[in-house]
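According to TrEMBL, the features are:
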DOMAIN    206-290  domain 'RCK C-terminal'
DOMAIN    300-384  domain 'RCK C-terminal'
TRANSMEM  6-21  transmembrane segment
TRANSMEM  28-45  transmembrane segment
TRANSMEM  57-76  transmembrane segment
TRANSMEM  97-121  transmembrane segment
TRANSMEM  141-160  transmembrane segment
TRANSMEM  172-200  transmembrane segment
TRANSMEM  404-437  transmembrane segment
TRANSMEM  449-468  transmembrane segment
TRANSMEM  488-518  transmembrane segment
TRANSMEM  530-553  transmembrane segment
TRANSMEM  573-593  transmembrane segment
Amino acid sequence: MTWEMIFVTIIIIAMLIGLLMEIARPDMVVFSALTILLITGILTPKEALKGFSNEGMLTIALLFIVAGAVQKSGIIDHLMKDWLLNTKSITGMTGRFFAPVSVFSAFLNNTPIVVTFTPIIRKWCQDKGIAPSKLLIPLSYVTILGGTITLMGTSTNLVVHGMLKDYGMEGFSFFQLAVVGIPITIAGLIYLMTIGYRILPSYKSIQDKMNENTKEYIAELIVDPSFPHINESVKKAGLRDLKGLYLIEIIRQSEIISPVRSTTIIQEGDRLIFTGLISTIADLQKIKGLHLETGTHLKLDDLKNGNGETQLVEAVVSHQSSLLSKTIKKSRFRSRFDAGVIAVHRNNERIRSKIGDIVLKPGDTLLLLTGTDFLTNHQNSSDFYVISSLDTPKELNEDYSKGWFSLSVLIGMILLVVVGILTMFKAMVLAVFILLLGKAISPEEAKKYVQFNVLLLIASAIGVGAAITKVGLASFVAQEMLSVAKPLGMVAIIFFVYALTNIFTELITNAAAAVLMVPIGLELANQLEVAPMAFAVTIAIGASASFITPIGYQTNLIVYGPGGYRFKDYVKVGLPLSLIVMSLTVSIVNIVFL
C-alpha cells in the first residue's frame, strides 16, 4: 500500500467511527472527511466537488419536490384510509394496505410515506385492540422493499445510478432493478404477514403509558392568594430554571397558556402544570402560596383546550437533526419551535431527568405540547419526523384537485422515462417545472421539501468515493477480496459484496455504504471481466435492505419510538428477512446479470 492509500484508509475508518458513534450529524461527518481529503491534496477541487454536480444527487433533490407535492395534497392518505376501514384482520392488511404501500414506495420517497401512514396504522390498531408494535416495523420494511423496484424508489438507487454515469456507463433503466425488487418484495410481504408480525412483541404506546400513570409525567400546583409573586412574570417568580422541573403549561379557568414563556404573568388561581423529574416536586411545595393538587387526576387530554389552540404531538429526532448532542435547553427548543417537551422516550423507556438537561440522540421520541401552527411550520423539518398530532387531526391540506394533478404529473413523468423519451433527471426537471407552473406547490414549499443535509451527505460521500478510486484503494481492496472469494466461485463473490454493503448500511447510512462500495464493485467487475451491472445491482439492493438495526435506514428510525421497540426487536424480525432478501438477490443476480 502507498502512503496515499494508507492515509485515505485512515480517513475512511475515522469517518465510519464518527458515523457509528454519532459524534455529529452524518452529513457533517462525511463532509469533514471530504474537506480533509481536499486540504491535504488527495483530491483536487474539481474532484472534491464532483458529487455536487452528480446527476443522481441532483435527481434526488428534484424527487423531494415531486414527492412533496403529492404528499401535501393528502390524496394518498385519503385513499389508504378508505381501503383500511374495511380491513378486519392483520392478515387482511397484506392485500389491502401493505401491498399498495409497497407500490407507492416504488415511486415516492419512503420517508414521507412512513411518516404519513404511522398514525393511520396506530389509529386502526387502537380501534381493533391490536398493539401498533405488531405493524409499524412491517410498515418500514415494506417501504424499503418496495423502493427496490424502480430507479426512483430510493435515493440509494439514484446514487448508484449517478455514480455509474460518472464512470461513463449507462446507469440503470427505470425498471431494471425490478427483476430483483419484485421477487424480494413479494417474499418479504409473505414473511412479514405470516411469521414476522407474530415474532414482534405487543408493546404499549407512549400515549397509553402516560394515560395509565399520568402522575409520573406531570404534576399540578395551584397558585394561592398568599403566593408572593402574583402578577409577576414566570422568570421573576423563580419558576423558569428549576431543578428537575419544567413549567409546561398554565391553566387559567377556561384558558390554556402553552408554551409558557419567561414573560408570562402568574395570576391567583392559576393551575401550574410541571413535567420532568416529578420526584423533585417537593422543592416547589416549600414555596409559600403553591400547593400540590392531589384531589384531581389530570390526563393528557386535560392539557389541551377545547378550541384546539394547543395539541399533543409526537416527533422522532432525525439523523440529520441540528438538535443532536445538545441539551434541550441549549437547543432553545421552546423558543425555536414554540413547543414544550412533556417527555422524552429512548429505547422504549422514558428518560427520567430534568427535561432541559436531556441530550438528544437520533430516534428519541418527543411528546410535545404545541400550538395549532406547529404542524404547518414543522411538518417537513429536518430536525425531527413529526409522526402526527396524537389527536389525529385532519390532514394539513386536503386539496384533492391538486392531488390528482400532482399524481398525473408523476405518472406522466414515469411514462416519459420508461419509454425512453427523457432521462430520469430531465423528466424530474420537467415535472417540477409543471408542478410550479400549475401552482400545485409554491417555490417556498418546494424549498422546504428539499432535504439539503441529505444532499450534502450524498455529494460529500461521492467525493470520498472518488478518493478511494484515485489512490488505488478500490483496486487494492478488490484484489484482496478476490484472493479470498474467487476460489469459492462467482456466487461467493457476489455474496461477499452484498454482505459487506449490507453491514456498512446497518452501521452507518445507506447512501454512504453505496458510495463506498461502488468503486470496489466496479473494480471487481473489471478484474473478473464480467458485466459491472451485476455488482451495481447487488450494491444498490444491499445498501437499501436495512432490516437488522433501527439506525441503518431512516424509516426504521421513524417507527422506533412510536412502536415502543427495543433494538433486539429489529434483530429478531429483521435478521430472517435479511437472509431471505440476500439469498434471493444473490441468486437472481447470478442468473440474470452474469
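Quick reminder: no glycine exception, Cβ is built from N, Cα and C everywhere.
Where the annotation comes from TrEMBL, it is an automatic prediction and has not been curated.
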Local confidence of the prediction over the domain 'RCK C-terminal' (206-290), expressed as mean pLDDT: 81
Other parts of the chain folded back onto the transmembrane segment (141-160), taken as Cβ under 8 Å at six or more residues beyond its ends: 56-57, 59-60, 63, 98, 101-107, 110, 113-114, 172-178, 180-182, 184-185, 188-189, 192, 196, 414, 417, 424, 454, 458, 461-462, 510-511, 514-515, 518, 536, 539-541, 543-547, 553, 555, 574, 577, 581
Closest-packing stretch to the transmembrane segment (404-437), where packing means Cβ pairs under 8 Å, from 6-21, 57-76, 449-468, 488-518, 530-553: 57-76
Tertiary contacts of the transmembrane segment (530-553), as residues 6+ beyond its ends and Cβ separation under 8 Å: 140-141, 144-145, 147-148, 154, 156-157, 160, 164, 169, 172, 176-177, 180-181, 184, 319, 362-363, 490, 494, 497-502, 504-511, 513-514, 517-518, 521-522, 524, 560, 565, 567, 570-571, 573-575, 577-578, 581-582, 585-586, 589-590, 593-594
Range from 28-45, 57-76, 172-200, 449-468, 488-518 with most C-beta pairs under 8 A to the transmembrane segment (573-593): 172-200
Per Cβ pairs under 8 Å, the stretch of 28-45, 57-76, 172-200, 449-468 packing most closely against the transmembrane segment (488-518): 449-468
Remote residues contacting the transmembrane segment (28-45) - C-beta distance under 8 A, at least 6 residues beyond either end: 4, 7-8, 11-12, 14-15, 18-19, 456-457, 460-461, 463-464, 466-467, 470-471, 512
Contacting positions for the transmembrane segment (57-76) when only residues 6+ beyond its ends and CB under 8 Å are counted: 51, 104, 108-109, 112-113, 116, 152, 155, 158-159, 161-162, 380, 395-400, 402-404, 406-407, 409-410, 413, 424-425, 428-429, 431-432, 435, 440-441, 445-446, 448-451, 454-455, 458-459, 462
